[in-house]
Amino acid sequence: MSYNLLKGKRGIIFGALDENSIAWKTAEKVHEQGGKFVLTNAPVAMRMGAIKELAEKTGAEIIPADATNIEDLENLIEKATEILGGKLDFVLHSIGMSVNVRKGKRYTDQNYDWTAKGWDVSAVSFHKTMQTLYKKDAMNEWGSIVALTYMAAQRVFPDYNDMADNKAYLESIARSFGYFFGTEKKVRVNTISQSPTPTTAGQGVKGFDGFIKYADEMSALGNATADECADYTLTLFSDLTKKVTLQNLFHDGGFSNMGVSQKVMSRFIEE
Ligand code: NAI
């Protein structure tokens, strides 16, 4: 349902690969709420992805950018403000990738070139994006920047591998840059810590099927879906959350505060 929550707002959405992507659902919902945006993804992902279909549906233009490349980011931000007709009100960073995870390297046997690559893509790209926005003074006052994260930044999930470290770094960048963006430009910066979600990135994690079922049975409200994550993101882009910043916000059906649920416990009790 449209409340026109984002009417008149302009932004950039990173990371829509296919219709399962959290960024894809977010783009659809931002469009529904009256927001205008440019879609972006890494050039290589774009060749595989179905992003054109999303662009047509939402009246958005696509500007390819590797989020680890400053020149690409500068070009993206210049073109986006030109196309959209002014400074930006919202940015979604929905990017994650670990080469160690992809290639099945265990946490205790990292290839450090791959570790560095995954760190750059999954965490430093958020700093690079914000630094480029900041230097170009491309955000409007009371704008909102959101990145997606996972609870392995705080708790141990062995198969999440080096992505756990990348997410911890990402969340720290949100706080550190959020301070400068807040005090100097009145822009808020937050991360949303989402439940396991069946997307390309999510399903790359070893044992994902068990992982997602376990989280679902442990959570008071069950796992949050990609659609629900998109809804939550809309609230952070809207003017209803103007003083929420420097936060890591759990969107996980209560999982992060659970010790054990009766459903999970029942599996360990002998009849
Ligand atoms: P996805 O695979 O649909 O999206 C990941 C995106 O990152 C893809 O569009 C990919 O092309 C993009 N990407 C990779 N390298 C890039 C680069 N160099 N430059 C620009 N873009 C690049 O998967 P999903 O799940 O929608 O991922 C979105 C975010 O949500 C990620 O940060 C992920 O870690 C996070 N997240 C996902 C969860 C899950 O279980 N799926 C749980 C919690 C957080």
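Just so it is clear, glycine is given a Cβ too, placed from its N, Cα and C backbone atoms.
Remember, predicted model here, so these are calculated numbers, not experimental data.
Sequence annotations record features per position, and here TrEMBL assigns NAD(+) binding site to Gly15, Ser21, Ile22, Ile95, Lys167. What TrEMBL records for Tyr150, Tyr160 is active site, proton acceptor.
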Looking only at C-alpha atoms, tell me how far Ile95 (NAD(+) binding site) is from Tyr160 (active site, proton acceptor), rounded to the nearest Å.
15
Around Lys167 (NAD(+) binding site), how many other CB atoms lie within 10 A of its CB?
25
What does DSSP call Lys167 (NAD(+) binding site) in the simple three-state scheme?
helix
I'd like to know which of the recorded positions listed (Gly15, Tyr160, Lys167) lie near ligand 1, counting only a CB under 6 Å away.
Gly15
Would you mind checking how many other C-beta atoms are within 10 angstroms of the C-beta on Tyr160 (active site, proton acceptor)?
24
Near Tyr150 (active site, proton acceptor), which of the binding-site residues Gly15, Ser21, Ile22, Lys167 can be found within 10 Å, Cα to Cα?
Lys167
For NAD(+), with binders Gly15, Ser21, Ile22, Ile95, Lys167, what's the maximum Cα separation in whole Å?
18
